[in-house]
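S.K.: Got a structure here, written out as structure tokens. Questions coming.
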Ligand SMILES: C[S@@+](CC[C@H](N)C(=O)[O-])C[C@H]1O[C@@H](n2cnc3c(N)ncnc32)[C@H](O)[C@@H]1O
């Protein structure tokens, strides 16, 4: 415990801290990164807040509700040094997401959430910005384009941190597109296609 600073923030304090950025924490498309996310003590309440907004905006339209719930998850990111904590974080976020949609773990929405979480909750060192193999951490920038289509482009974390210093946010809108080239660009995907990638 002492080796890795595994001291976890109590729920009341997390809520009080998130209230300081209340609007951002409730916005579906605000991209939130916790660089030492542990088992998700911050990320879980962030997802809960985003999903409350999804329910409020899209609760009466099941298609839009499901797609925007997945997009809310897509905007939730973490880095965690220890593999068991990282997996715990993914599992807890998946539990919240599946519960919100009322699906079990074999459902395509749950499988697509696992694909997203495998990419968004990265095991690695937030200080060196490398994964356990010593390779640079990369994060997907997901977009929901409407009509059931998602876009994904992966960027190196070290270049995103430079980008944040330009724009003030992790994936800010830019004129400097040439400076920040994705390491991978995917074709547009449906939820079914994202679910198919679950074991890749
Ligand atoms: C103090 S806990 C906090 C967890 C969570 N943020 C919370 O407040 O409950 C710190 C977590 O960061 C992880 N950690 C420590 N050094 C790290 C590093 N360089 N990069 C990523 N994670 C790290 C630890 O494994 C631990 O799970």
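Counting starts with 1 at the first residue shown.
Every residue gets a Cβ built from N, Cα and C, even glycine.
TrEMBL labels come from automatic prediction, so no person has curated them.
The following feature annotations were taken from TrEMBL:
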{"type": "DOMAIN", "residues": "3-46", "note": "domain 'DNA methylase adenine-specific'"}
S.K.: As a test of reading the model: what is the averaged pLDDT for the domain 'DNA methylase adenine-specific' (3-46)?
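M.R.: Computed over the domain 'DNA methylase adenine-specific' (3-46), the mean pLDDT is 93 on the 0 to 100 scale.
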S.K.: With DSSP, how much of the domain 'DNA methylase adenine-specific' (3-46) is helix, how much strand and how much coil, in residues?
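M.R.: Helix, strand and coil residues of the domain 'DNA methylase adenine-specific' (3-46) number 20 helix, 3 strand, 21 coil.
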S.K.: What residues elsewhere in the chain lie close to the domain 'DNA methylase adenine-specific' (3-46), defined as a C-beta under 8 angstroms and at least 6 residues from its ends?
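M.R.: For the domain 'DNA methylase adenine-specific' (3-46), the nonlocal Cβ contacts are 52-54, 57, 68, 71-72, 75-82, 85-86, 88-89, 92-93, 96, 121, 126, 139, 141, 144, 169-171.
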